[in-house]
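A.B. asks: I'd like to ask some things about the structure below.
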Amino acid sequence: MKTIGVLTSGGDSPGMNAAIRAVVRSGIYNGCKIMGIKQGYSGLINAKIEEMNLSSVADIIHRGGTILRTARCEEFRTEEGRKKALNVLKVLKIDGVVVIGGDGSFQGAKKLSELGIPTVAVPGTIDNDLGYSDYTIGFDTAMNTVLDAISKIRDTSTSHGRANIIEVMGRHCGDIALYTGLAGGAESIIIPEVGLDIDEICRKLLQGKNRGKLHSLIVLAEGVGGAIDLGKIIEEKTGIETRSTVFGHIQRGGSPTAFDRILASKMGARAVDLLIEEKGNRAVGIKGNQIFDMDIEEALNIENKFDQETFELAKILSI
């Protein structure tokens, strides 16, 4: 393995830069040339590629986003688009590729592997929705960003005696809502894995109000429904003044936590090791405190994990 390409794809997540840095420095340490592919699979198809050196990744470990930028690419989903990408890799003599991203990026990595290009996928998504790995790069930072905002909303919610609904990211996986809801002391946590029970939410809010609670917090994953509409329904049913806040893309930004920097560094270095060992079609993950790798397709076939125990604990502690 002489030349390794690295790209970031799909939604960005804090810690991607730390992973890029690990790929570049680990690769150079092992005598490889590292090529940075800009704007994901789109940049691969259009040959937006340049060689990276040690200076290319100086002072980026603490930065959010991705210096390689990212994009979604419908063209790569087509056979013609993938043939263009393969031709670019052959012309530039890129022997293997590290792909950093979420589910869609992993699908692309699998396609590259099927074309005969050794490819290693590294999980970078704030949603934590790749079931084969305990954590994905960016999830911890997103949790802490949301938790900080919850603390601020709690202050004003208490002052006004309101209920506040906080909508966070998570279309199919409610991990951000679940763990920030527990850590933030939310009265209700609404996630796709469980669904929405408006009557139960209203009952809990009224129960709290009747015993003198000054405020209530509800954390809602975006995959369940809209916070604004839910707020109107709750206010009508309970008479409790309710405000809704949609956090949106603020969750994707910011300096990564120590956990995400370390996780990204370990995963990026493992990806390079695998390619040097001529092992492609692999997904890097973490179980317990151990970095591991497995077949990409097998990784994609593992369903999102749902932490029922934590959800039940959150219910108990929210009484």
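Note: Cβ is positioned from N, Cα and C throughout, glycine not excepted.
Note that the structure is predicted; figures quoted are calculated from it, not measured.
Just lifted these from Swiss-Prot, have a look:
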type     : residues                                                                                               : note
ACT_SITE : ASP127                                                                                                 : active site, proton acceptor
BINDING  : GLY11, ARG72, CYS73, GLY102, ASP103, GLY104, SER105                                                    : ATP binding site
BINDING  : ARG21, ALA22, VAL23, VAL24, ARG25, ARG154, GLY185, ALA186, GLU187, ARG211, LYS213, LEU214, HIS215      : ADP binding site
BINDING  : ASP103                                                                                                 : Mg(2+) binding site
BINDING  : THR125, ILE126, ASP127, ARG162, MET169, GLY170, ARG171, GLU222, ARG243, HIS249, ILE250, GLN251, ARG252 : substrate binding site
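Can you tell me where each of these features sits in this structure?
C.D. replies: There are 27 other CB atoms within 10 A of the CB of ASP127 (active site, proton acceptor), with all protein chains counted. A coil conformation is recorded for ASP127 (active site, proton acceptor) in the three-state DSSP classification, outside any helix or strand.
The C-beta environment of GLY11 (ATP binding site), restricted to residues of the same chain at least 6 apart in sequence and closer than 8 Å, consists of THR70, GLY101, GLY102, THR125, ILE126, ARG252.
In the three-state DSSP scheme, GLY185 (ADP binding site) is classed as coil.
Under 8 Å, Cβ to Cβ, and six or more positions away along its own chain, ASP103 (ATP binding site) finds GLY10, THR125, ASP129, LEU130, LEU300. According to its DSSP assignment, ASP103 (ATP binding site) is helical.
DSSP classifies ARG252 (substrate binding site) as helix under the three-state reduction.
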A.B. asks: Distance between ARG21 (ADP binding site) and ASP127 (active site, proton acceptor) at the Cα atoms, whole Å?
C.D. replies: 22
A.B. asks: For CYS73 (ATP binding site), write down the residues of its own chain that are at least 6 apart in sequence and whose Cβ falls under 8 Å from its Cβ; none is a fine answer.
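C.D. replies: Residues satisfying the criterion: SER9, GLY40, TYR41, SER42, ILE45, GLY81, GLY108.
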A.B. asks: Quick check: with GLY11, ARG72, CYS73, GLY102, ASP103, GLY104, SER105 left out, which same-chain residues have Cβ atoms within 8 Å of the centroid of the ATP site Cβ atoms?
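C.D. replies: Same chain, not in GLY11, ARG72, CYS73, GLY102, ASP103, GLY104, SER105, Cβ within 8 Å: SER9, GLY10, GLY40, GLY101, GLN107, GLY108.
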A.B. asks: Considering Cα atoms only, can you say which of ARG72, SER105, ASP127, ARG243 is the nearest neighbour of GLY185 (ADP binding site) among these recorded positions?
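C.D. replies: Closest candidate to GLY185 (ADP binding site), judged by Cα separation, is ARG243.
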